[in-house]
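Novice: So Swiss-Prot lists the following for this protein:
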type	residues	note
COMPBIAS	35-45	compositional bias 'Acidic residues'
COMPBIAS	132-142	compositional bias 'Acidic residues'
DOMAIN	143-272	domain 'PX'
DOMAIN	302-522	domain 'BAR'
MOD_RES	S32	phosphoserine
MOD_RES	S39	phosphoserine
MOD_RES	T41	phosphothreonine
MOD_RES	T48	phosphothreonine
MOD_RES	S58	phosphoserine
MOD_RES	S72	phosphoserine
MOD_RES	S188	phosphoserine
MOD_RES	K237	N6-acetyllysine
MOD_RES	S280	phosphoserine
REGION	1-142	region 'Disordered'
REGION	281-298	region 'Membrane-binding amphipathic helix'
Amino acid sequence: MASGGGGCSASERLPPPFPGLEPESEGAVGGSEPEAGDSDTEGEDIFTGAAAVSKPQSPKRIASLLPINSGSKENGIHEEQDQEPQDLFADATVELSLDSTQNNQKKVPAKTLISLPPQEATNSSKPQPSYEELEEEEQEDQFDLTVGITDPEKIGDGMNAYVAYKVTTQTSLPMFRSKHFAVKRRFSDFLGLYEKLSEKHSQNGFIVPPPPEKSLIGMTKVKVGKEDSSSAEFLEKRRAALERYLQRIVNHPTMLQDPDVREFLEKEELPRAVGTQTLSGAGLLKMFNKATDAVSKMTINMNESDIWFEEKLQEVECEEQRLRKLHAVVETLVNHRKELALNTAQFAKSLAMLGSSEDNTALSRALSQLAEVEEKIEQLHQEQANNDFFLLAELLSDYIRLLAIVRAAFDQRMKTWQRWQDAQTTLQKKREAEARLLWANKPDKLQQAKDEIVEWESRVTQYERDFERISTVVRKEVIRFEKEKSRDFRNHVIQYLETLLHSQQQLAKYWEAFLPEAKAIS
């Protein structure tokens with residue numbers, strides 16, 4: 001059927017007429033019915049609704065005109081050498097729908113295997129293409145490009161101070177001017193890059209990786225406070241988060257080719273990013289738009305025709321809730337591990353003081369060495385707390401934000417569907433208005449009504465194409481996201497287990513070395 005913006009008329013899709021077809025197939029088309037014994041006219045009137053009628057041709061001539069299905073992805077007919085002409089198309093199973101101005105035409109079982117245009121195929125009984133096969137055929141998104149963020153540097157004093165990060169890029173891709181280059185970027189530049197990419201790609205269904213969240217308290221400490229351990233820890237956390245964010249951007253094939261990304265990596269100086277502050281006018285407008293979108297989403301009642309999207313959206317929502325709970329537990333673990341490290345350090349100091357005041361030489365030496373062991377264990381606890389944070393907590397935090405972006409892609413698809421439905425409703429109203437004008441015999445307004453109908457028919461076709469396109473993009477993006485998520489979690493969990501194993505091995509070595517000292521106490 002002529003839906004979905006294929007724009008092709010029925011005559012453009014019709015194959016040549018086929019001789020030797022049975023009379024009852026001709027009658028189903030709605031053309032003129034020939035005499036029962038008139039074998040010379042068979043096949044001439046099978047497509048009377050077409051723009052032109054071809055002369056009868058021999059079966060061999062027809063077979064030479066049509067593409068042959070040789071097992072490739074091209075559509076065609078299966079030609080068998082020893083098969084009779086009347087059985088030439090016996091294996092065909094797809095029905096060909098012919099659109100015509102006559103509403104009483106019926107579907108005729110086609111004798112050829114004909115592929116409908118993409119927009120029409122979505123509305124036919126033909127099954128959706130296997131995106132699992134598409135996933136296997138796609139090449140891995142591997143690019144010879146590595147980005148690193150180092151050397152956070154505080155520039156300026158007071159509340160006007162900011163931190164600049166060195167962004168280093170190494171690549172052999174020809175789209176860049178050199179193979180190795182470095183630039184200085186501040187945090188607002190990273191936020192500005194995300195805003196540009198999100199504005200261009202999110203509306204098309206792409207999953208744009210989000211930057212790390214702002215931290216007003218942490219940045220205020222850096223600006224007005226002295227360089228202490230808490231400020232250094234905050235800067236290291238932000239540096240690592242920005243590096244992960246930028247690496248996800250350049251790993252995405254669509255984002256990497258964006259000129260804003262290349263400019264961010266190469267250009268020495270960038271224009272100051274505006275609207276990235278939370279309390280700015282643009283920031284307040286974004287908050288208002290988010291609230292408006294949330295309300296409008298509640299009013300959309302989408303008739304989901306593809307169960308895949310419904311199931312995936314439920315999976316994403318459930319996974320986001322579970323990750324939030326797990327992230328809260330891991331943060332508690334990090335805090336307890338840090339508290340354990342502090343208490344172990346206090347314990348080591350107390351043991352050292354006790355050993356220095358002990359009269360028994362062997363006991364004093366054993367207590368002093370036990371204090372040294374506890375100091376080493378305190379370092380192990382501190383390192384493991386950092387591993388808990390950077391390998392687990394930050395990974396979970398990243399994917400909580402990423403899942404929110406995935407949900408936003410589904411919401412964008414829903415908004416595109418709603419726009420299509422609204423256009424269909426408007427088109428129906430325009431047609432009803434035209435009918436009323438015809439009934440009221442008002443020819444002066446009739447032409448304007450016809451023009452409006454043509455305009456809205458074009459909009460409906462375009463919006464349907466947009467919906468089909470964003471559905472394809474969202475499906476591909478979700479498949480790609482799941483592959484990346486599995487790879488990230490596997491790598492981080494393995495690395496985390498290796499740190500735990502190393503920590504326990506070191507702990508065992510410390511106690512094995514101390515055991516002879518304890519036994520030597522007399």
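Indices start at 1 and increase along the chain as displayed.
From the backbone N, Cα and C atoms, a Cβ is placed for every residue, glycine too.
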Novice: Express the predicted model's confidence over the region 'Membrane-binding amphipathic helix' (281-298) as a mean pLDDT, rounded to an integer.
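Specialist: Averaged over the region 'Membrane-binding amphipathic helix' (281-298), per-residue pLDDT gives 58.
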Novice: What whole-number Å value do you get for the CA-CA distance of S188 (phosphoserine) and the residue listed as 'N6-acetyllysine'?
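Specialist: For S188 (phosphoserine) versus the residue listed as 'N6-acetyllysine', the Cα atoms are 16 Å apart.
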Novice: With DSSP, how much of the domain 'PX' (143-272) is helix, how much strand and how much coil, in residues?
Specialist: 65 helix, 28 strand, 37 coil
Novice: State the count of C-beta atoms found within 10 angstroms of the C-beta of S188 (phosphoserine), not counting that atom itself.
Specialist: 17
